[in-house]
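To start, the structure itself, in structure tokens.
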Ligand code: ATP
Ligand code: MG
């Protein structure tokens, strides 16, 4: 075997970290449900076209980051999903979901991008996300931003996170801005990175998002979008801001904020933190009114966001602890079968129960303590003859004799409902 390490950029998620992942995913799912969003899932891989057409042929994701495999002699390929929206849009069209607008969906699962692994940047990572199809009004954007904010607040993260907000305007505004950017950047061609020189012909907006220092110096004096927004785009953005103000949600306008993918229009936003170094964006999204039509579906406005579970779970300082088990401890071989039956009966009633398989009583009690058990149900021969057990509180050491048929009622003090 070449190596027992996981493939570069992928990770094993051990139980303590998995608990944090679950807390993120569960919190997001619960909050989304409060807004009427129902969970759905699409496949982890799709025909490559699904991503190529929607994310933009020239986006970083499509050009460098996709894991693509051949699946037929004819040259069809499939790609591991780098993000959730394209597959969701495909599913919306394929399942005729336009019959039931608005569609409000929540999803969670692994995503795959072939990028340089570093803190907060993996090749297999996980996201939670929401999509809202149907509403074209700015209030819909306000709602999904408010939902993102609530998820972060319920994870205890609102203090350390800022909301950055921008608009990419409608198509007309983007065309005008694009032309202005091409003209401006053309004057600095020799100062731009090779990547950004490519972007110049293809998608100059993306130069604004470049992480290259040389690019950033040029970007600093680039024309700003605000000057190229038509009236409709200005009104739309104004209403998003008004809605956020009405809800008391603070934000920072950032005219340099663009999203890495082609399908966005109007509202775009990112919740960022300074606590994770360069990988500071934890939740990001925006409006994508042209996406469904681009894919060949019925024109349907949409808006949504996705959040990186690994980045959020790194920010959470509190660990969520698992339920402390009740330990059933048979004293002596004769008691083992009875202990097995009692253990299984308690689990059937909803208790979390551990039974040590071997060792003397002292050893088993020690193991119960190590497992974080809250109480031990000790079963000895004498006790069984009288149909009772000794229940010891493992925090205080106090113990009581309890009739076996009273056991579930008695243990409820340790693991209520
Ligand atoms: P970045 O600018 O950090 O590359 P992005 O714009 O590519 O992010 P999105 O496509 O908006 O990211 O994905 C939404 C969220 O998913 C990000 O804000 C981040 O939290 C998470 N994410 C994206 N790529 C990765 C990755 N390679 N590893 C871990 N998390 C990621
Ligand atoms: Mg990226």
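Using the three backbone atoms N, Cα and C, a Cβ is placed for every residue, glycine included.
Database features (TrEMBL):
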DOMAIN    1-330  domain 'Aminoacyl-transfer RNA synthetases class-II family profile'
BINDING   83, 84, 85, 113, 127, 131, 259, 263, 264  L-histidine binding site
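Long-range C-beta contacts of residue 85 (L-histidine binding site), restricted to its own chain and to partners at least six residues apart, with a cutoff below 8 Å, comprise 54, 129, 131, 263, 288, 291, 304, 306. Close contacts with ligand 1, defined as a Cβ under 6 Å from any of its atoms, occur at 83, 127 among the binding-site residues 83, 85, 127.
Looking at 127, 259, 264, the binding-site residues in this record, the fewest other C-beta atoms within 10 angstroms of the C-beta turn up around 259. Confidence annotation: the domain 'Aminoacyl-transfer RNA synthetases class-II family profile' (1-330) carries a mean pLDDT of 92 in the model.
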